[in-house]
Amino acid sequence: MTRIQTVLGSITPNLLGRTLTHEHVALDFEHFYKPPPADFENELQQKISMATLGYVRLYPYSSRENVRFYDEEALEASRKDVLLYKKHGGGAIVENSSYGLKRNLEFIVDLAKTTGVHFIAGTGHYIHATQDATHTNLTVEQMTDLYTRDILTGIDVKGRTVKCGFIGEVASVYPVQEFERHALLAAGEIQEVLGCGVSLHPHRVSKAPFEIMRLYLEAGGHANKCVMSHLDRTIFDMDELLEFAKLGCYLQYDLFGTECSYYQLNSTVDMISDGQRIENLIKLINEGLVDRLLMSHDIHTKHRLTSYGGHGYHHIHMNILPRMFQRGVTLEQVEQMTVTNPANWLSFNA
């Protein structure tokens, strides 16, 4: 019988509930800091406040405070929003912080114990540039051993053994670097053996998802247990997205709540709005792909938490799903995307 491995132990899939499949509750995103425009340097160097929030929303990666998503203030703000998520019907959060993002398993375990939300932690490697010297020279075999150990044996967290429940997020740039290729191959090899879920993070060009899926599949990974993240900032052309969908993985729109068209990490494109995300999901539903769709926010900076003027982890449930119902999406289809699909993806013989 398949089960889902949470940080507090394995559960049956029917207990998971409504699930956010790509979030962070604590991580270090300082690698992506970008110097602010000279005209706004003073505002972006200050603490986040009502006076500076407008600048931070437009240039989120130019505020050092904003990308320090790991200090005590951030943890308390994150805890507050997880409680709001639980209050408004949330059941589970898939925490995608992998090696290179300084995941905080102690905090994740504490959140799971104190909020009642199921947390599923990931193993895997983020992009090469975020890794420290203990990881940069790992071979495919060494990565395979590490990921397998994290899932089957577990990690000691203050005397508690915590097992990871999926591989992810496994991230890469474009073209894929050798270290990142190793991580993708390791993910595919382990997935074939264990049957666990995998979450991939593509670079910000439309060719990237195709390339990393090819590597993952060639290593033996199963498409129906793999999530392609961040498609709402990667593949904008619907025909190209439908072509990608033929590969058989889950298609994830995970930047809900990001309503600024200026995308600082790739200023050559315009970030789509929540309205466009809804429109695209409806198109994919009409193409018969509802059983392959996932939704989330990918919160990874402070300004997206309610304590800093943001939308929090409950945004999809409180603001997006009602709009989807208004546009003809059925309760059955919403349950498929937010409950059934996450459970199917995360279930394996744990």
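Backbone N, Cα and C atoms are what each Cβ position is placed from, and that goes for glycine too.
What Swiss-Prot records for this protein:
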type	residues	note
BINDING	H22, H24, E169, D298	divalent metal cation 1 binding site
BINDING	E169, H201, H230	divalent metal cation 2 binding site
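Mapped onto this structure are the features recorded in Swiss-Prot.
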{"residue": "H22", "record": "divalent metal cation 1 binding site", "DSSP class": "strand"}
{"residue": "E169", "record": "divalent metal cation 1 binding site", "DSSP class": "strand"}
{"residue": "H201", "record": "divalent metal cation 2 binding site", "DSSP class": "strand"}
{"residue": "H230", "record": "divalent metal cation 2 binding site", "DSSP class": "coil"}
{"residue": "D298", "record": "divalent metal cation 1 binding site", "DSSP class": "coil"}
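A simple Cβ count within 10 Å picks out one of the binding-site residues H22, H230 as the most packed, and that one is H22. Around D298 (divalent metal cation 1 binding site), taking its Cβ as the centre, 25 other Cβ atoms fall within 10 Å, counting all chains. The Cβ centroid of E169, H201, H230 marks the divalent metal cation 2 site; residues of that chain outside this set whose Cβ lies within 8 Å of it are H22, N96, G168, V170, A171, S199, L200, P202, S229, D254, D298, given in sequence order.
Residue with the densest Cβ environment among the binding-site residues H24, H201: H201, by other Cβ atoms within 10 Å. The Cβ of E169 (divalent metal cation 1 binding site) has 26 neighbouring Cβ atoms from other residues within 10 Å, across all protein chains displayed. Those same-chain residues not listed among H22, H24, E169, D298 yet with C-beta within 8 angstroms of the centroid of the divalent metal cation 1 site C-beta atoms are E23, V94, N96, S97, S199, H201, S229, D254, S296, I299, H300. Counting in whole angstrom, H24 (divalent metal cation 1 binding site) lies 14 from H201 (divalent metal cation 2 binding site) by their C-alpha atoms. Counting only the Cα atoms, the space from H230 (divalent metal cation 2 binding site) to E169 (divalent metal cation 1 binding site) is about 11 angstrom. Taking only the Cα positions, the spacing between D298 (divalent metal cation 1 binding site) and H201 (divalent metal cation 2 binding site) is 11 angstrom.
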